[in-house]
Amino acid sequence: MIRYILKRVGYMIVTFYVVITLTFLAMKMLPGTPFKFANRLSPEQLNQLKHYYGLDQPIPIQYLHYLWNFIHGNLGGSFQYGMQPVTEFLFQRFPISLQLGFESMIFGTVLGIFLGIVSGIYRGRFLDWGTVTLAVVFISIPSFIFAAILQYFFSVQIRIFPVIGWSGPMTHVLPVVSIGVGVMATIARFMRTEMVEVLNQDYIVTAQAKGLSTNAVIFRHAIRNAMIPIVTVIGPLTSAVVTGSLVIENIFAIPGIGSQFVDAIVTNDYPMIMGTTELYAGLFIVTILIVDVLYGVIDPRIRVSGGKSI
Amino acid sequence: MTAKSNAEVTKELFVPAYLSDTESEKISGKSVSAWKDALRRFLTNKGAMLSMIILTVIILLALIGPHIFGYDIDNQDVSRANLPPKIEGLTWLPAFSGYENGVDIYKEKNISKNYWFGTDQFGRDLWTRTWKGTQISLIIALIATLADVLIGVVYGGVSGYFGGAVDNALQRILEVIAGIPSLVWIILLILIMQPGLITITIAILATSWLSMARIVRGEMLKLKNQEFVLASRTLGAGDGRIIFKHLIPNSLGMIIINTMFSVPNAIFFEAFLSFIGLGIRQPQASLGSLINDGYQMLQIHPYQTLYPGIIISLLLICFNIMGDGLRDAFDPKLRR
């Protein structure tokens, strides 16, 4: 088990190193100069500026410098906000995005598991058909369209929820639902498949044969076993939730990292873009690592074969 | 004959019928190949067939739609700005009456022509722009398919077939590429290049083939040690022939299914990027950018978001249902 975890951590470090290097290279390949009035400056002034920011050194040296700064948590200053450190912004805004992400995940997972269980038990009936159809629809419709629909009906027409903002519990409802329905649909589909599979197993027949009530069979034997593989979808879902939060934060004017990121891209605030990209990459990579290790702990078969299940 | 003659049936009348062995072993009835079987299952899937019909209609409209009224994608005229949708024969429907908040905008602005999806704030015909935008989504779908087939199948095929050191190296590279989320790849690419269709195309080419490569590799590993491959090799077939004549046709079902699932992903990503302003730029339109434009006007003119929103949702739903249908058709074991 420890060998397996070490191997995964090794891969994680390599992947993250590649991301850092790629962001550095992307930054070097950007067109134009980082100085706003480069054409108005004399060559001497330009050289002075370049020297100040270390841009006159050869690229490998700059690269080492960049890595050194990165290890010490220095991601540079934001162009947009008078060279304020990027890390400061990230620390300030990340908790809000994290909260939005967690709430959406919990909303989607709880509802999804419930719907999946019900659908799996009543397989082939109307309830099942309804859940499956709804799941396809919710997986397909992009979250920003869903957000627009919710905002139009619940904020503009009926005025139950505020249109934008992130201050009280009421402001959380629409953004969380907009992101969460996709999670719900994915988990419901997955849970249903697992449930149907588990209900066809021999040990379920055994449990029924020894006289357990239907409820006991479902709650004690079926649901527990069906829920284990749910862990595997959490990795891909995190990526979907982050993608969703990018637009949802913009639509509902939530001061998280996603809206900051889109702003930074539109205004060419490169250090901010790089910092956020690295944060996202780190988030994904760590999530996938945790999911893999967790699944290895739950299901010993995975770590013996030592890799991805499918 | 009557009952009387039946009674006259005697033992001598029974003679053993001799049937040659070749005759008795013959299979009566037409042989059904795996492909025909899959096609039959797919055709009986109502949801998938309905999706296919809707997709065909959308594709036809995307091809014909922009030419019906003769407007260009960037034909601006402020005198006809923000007109609600109106269709002559359908004015009894509130959605196509040309009324907004109880006022006949067409009468107010003295406009006799009909705009089926209305116009935007610059007076551009939204019918034309919406179908032009749908074309972009369909082009993206085509590109994703090509990336899957040209890069994913080849990469996975080489990796799985040759195995050993080649496989190890290719898989480590793949692991690192897949470890970085596609969103990060796409944004890095967009930073280096200008936003636009070409950048999105490259970004999708670069990221959409990964899962296909994995699946094809798995299929190759499964198939390459089977007897029919050995038989073919014994008969002197080279690697190329074995891959293209035996292994790929046998994994074609999986390839088709996976393509059908990567297409809606690609369409979604293009719309998503255009929506946050990183995709198609004005005056070009894609469904994502149209929704973004309309979104600014959502409270006053909801119809400007409505139709592009409906079309992209329909596209994604239909592709997903068709994907499900194809999966059930090719691999009934997966059906639950």
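Backbone N, Cα and C atoms are what each Cβ position is placed from, and that goes for glycine too.
Listed features, source TrEMBL:
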TRANSMEM  A:9-27  transmembrane segment
DOMAIN    A:94-295  domain 'ABC transmembrane type-1'
TRANSMEM  A:104-122  transmembrane segment
TRANSMEM  A:129-153  transmembrane segment
TRANSMEM  A:173-191  transmembrane segment
TRANSMEM  A:226-248  transmembrane segment
TRANSMEM  A:279-298  transmembrane segment
The transmembrane segment (A:226-248) in contact with the transmembrane segment (A:9-27), cutoff 8 A, at least 3 CB pairs, sep 6+: no
Most Cβ pairs under 8 Å with the transmembrane segment (A:104-122), selected from A:129-153, A:173-191, A:279-298: A:173-191
Residues of the parent chain within Cβ reach of the transmembrane segment (A:129-153), under 8 Å, 6 or more residues beyond its termini: 115-116, 118-119, 163, 174-175, 177-179, 181-182, 184-186, 188-189, 192, 244, 247-248, 251-252
